[in-house]
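A.B. asks: Once you've had a glance at the structure underneath, I'll fire off some questions.
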Amino acid sequence: MFPREKTWNISFAGCGFLGVYYVGVASCLREHAPFLVANATHIYGASAGALTATALVTGVCLGEAGAKFIEVSKEARKRFLGPLHPSFNLVKIIRSFLLKVLPADSHEHASGRLGISLTRVSDGENVIISHFNSKDELIQANVCSGFIPVYCGLIPPSLQGVRYVDGGISDNLPLYELKNTITVSPFSGESDICPQDSSTNIHELRVTNTSIQFNLRNLYRLSKALFPPEPLVLREMCKQGYRDGLRFLQRNGLLNRPNPLLALPPARPHGPEDKDQAVESAQAEDYSQLPGEDHILEHLPARLNEALLEACVEPTDLLTTLSNMLPVRLATAMMVPYTLPLESALSFTIRLLEWLPDVPEDIRWMKEQTGSICQYLVMRAKRKLGRHLPSRLPEQVELRRVQSLPSVPLSCAAYREALPGWMRNNLSLGDALAKWEECQRQLLLGLFCTNVAFPPEALRMRAPADPAPAPADPASPQHQLAGPAPLLSTPAPEARPVIGALGL
């Protein structure tokens, strides 16, 4: 419901090729409620909505704008891949059209009143640009607001040294939350001016502040936002926008009134019955002023009406007739694998030549972005490693301290020092080296240990055999004092293995 306040805003949602719907809405507002556009404090827009808002603020002919919408959609449909064909340059088409139709002082009319929704590439935040220093800045703001990544190109355009992309990514319907903002959208939902689909589904999807009801018609509209429909469908969308604009004006009592604040009668106390009768009479009066369905095209601008009628007429020249024949169409389809690379190469060459003036700035930006991405990846990897290594390293050190064997002269320190640093710091490799060191010790001990065991008889010590002494005289006094001589024998020591380890 439109609030009866002193100030109000108008906001147009982004919708791609469905922007022809806004041409019908804007034509209705200019014709039946010009004060609503002239006295609006701000007019906002995103993507295709920004083009419509710019046209309303600067006074561009809506008929020419609608004709351009249909012309661009027809050019896109001529190609095999539609708007994705390399020869179709949407950014170039928008810039050339705005250069042609915008007046030289358009930035003066737009500054402070026009708001264009943009998405900043560096942080993804939404930015609303409302001050423009020149006509070129106004055109560049519209180009940035309609630049869809990958769909329109890979390198985003810049405005005042900052890179921006489509404003619908971050905020597709600026200032929708304010009560004094008239929201316009080609998708049925909760916007003030939008199609009224007869659907029983109460569920809705809110995409970047845009209310979209779940139904088949909205799904069809979403599919045609980036891939334009047929001219007949565009004509019906323009008529639908005109009808929805009339419905909004009638519902809020703004139809054919110079100013809603001046046209309202003075307030006076009255009962509930009088209030109901007044509302019914106002509705009946407004409904009587609505044009019929068959005469809607008569109320559109003459240039737009002519463009819509021409779009529905099939050309009858000889070349078009031949190209529409089935054999010619089959031959054209079969030649696509051969003609498409040639067309792509030609289009790439033309775009490269047009890109040459901006090459230094774009290369510098790509270098900065590549460095930022690499730095982010390195910092993220460091955080992950720092989170896992401190928890595992103390346990690993403690296990090595407990399970280590006595050091030997032949250790693995030399081998570890010979390895790269990243291999020495790897825990799994350290475990493998420790196990290899243990196996090496066992092999060395088994190789150089010798069990030298001698029989006990070999270690028994015996006295050397002396020559037999001369028989002594038993009668001598020495023989009588000495007595019998005992046997000389030494007990054999226990046999012990002699361990000899070379170098151990």
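Even glycines carry a Cβ here, placed using N, Cα and C.
Below are the features I grabbed from Swiss-Prot:
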TOPO_DOM  1-8  topological domain 'Cytoplasmic'
TRANSMEM  9-29  transmembrane segment
DOMAIN    10-179  domain 'PNPLA'
MOTIF     14-19  motif 'GXGXXG'
TRANSMEM  43-63  transmembrane segment
MOTIF     45-49  motif 'GXSXG'
TOPO_DOM  64-137  topological domain 'Cytoplasmic'
CROSSLNK  Lys92  ubiquitin cross-link
TRANSMEM  138-158  transmembrane segment
ACT_SITE  Asp166  active site, proton acceptor
TRANSMEM  330-350  transmembrane segment
TOPO_DOM  351-504  topological domain 'Cytoplasmic'
MOD_RES   Ser372  phosphoserine
MOD_RES   Ser404  phosphoserine
MOD_RES   Ser428  phosphoserine
REGION    463-492  region 'Disordered'
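If you look at the structure here, what lies around each of the features I listed?
C.D. replies: Break the motif 'GXGXXG' (14-19) down by DSSP state and the numbers are 4 helix, 0 strand, 2 coil.
Helix, strand and coil counts under DSSP for the motif 'GXSXG' (45-49) come to 2 helix, 1 strand, 2 coil.
Remark: Lys92 (ubiquitin cross-link) has Glu354 as non-local neighbours, by Cβ distance under 8 Å and separation of at least 6 in sequence. Reduced to three states, the DSSP call for Lys92 (ubiquitin cross-link) is helix.
Long-range neighbours of the transmembrane segment (138-158) within the same chain, counting only residues 6 or more positions beyond its ends whose Cβ lies under 8 Å from a Cβ of the stretch, are 14, 45-48, 50-51, 54, 83-84, 90-91, 94-95, 98-99, 102, 106-107, 110, 114, 116-118, 121, 129, 132, 164-167, 226, 361-362, 365-366.
Sequence-distant contacts (6 or more apart, same chain, Cβ under 8 Å) of Asp166 (active site, proton acceptor) comprise Gly14, Ala46, Ser47, Thr119, Ser145, Gly146, Phe147, Ile148, Pro149.
Under 8 Å from some Cβ of the transmembrane segment (330-350) lie the Cβ atoms of residues 80, 85-87, 323, all in the same chain and six or more residues away from its ends.
Sequence-distant neighbours of Ser372 (phosphoserine) (same chain, 6+ residues apart, CB-CB distance under 8 A): none. The secondary structure of Ser372 (phosphoserine), as reduced to three states from DSSP, is helical.
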A.B. asks: With H, G and I counted as helix, E and B as strand and the rest as coil, say where DSSP puts Asp166 (active site, proton acceptor).
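C.D. replies: Where Asp166 (active site, proton acceptor) sits, the three-state DSSP reduction gives strand.
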A.B. asks: Taking all residues of the topological domain 'Cytoplasmic' (351-504) together, what is their mean pLDDT?
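C.D. replies: So the average pLDDT across the topological domain 'Cytoplasmic' (351-504) works out to 60.
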A.B. asks: Could you count the residues of the topological domain 'Cytoplasmic' (64-137) that DSSP puts in helix, in strand and in coil?
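C.D. replies: Taking the topological domain 'Cytoplasmic' (64-137) as a whole: 38 helix, 11 strand, 25 coil.
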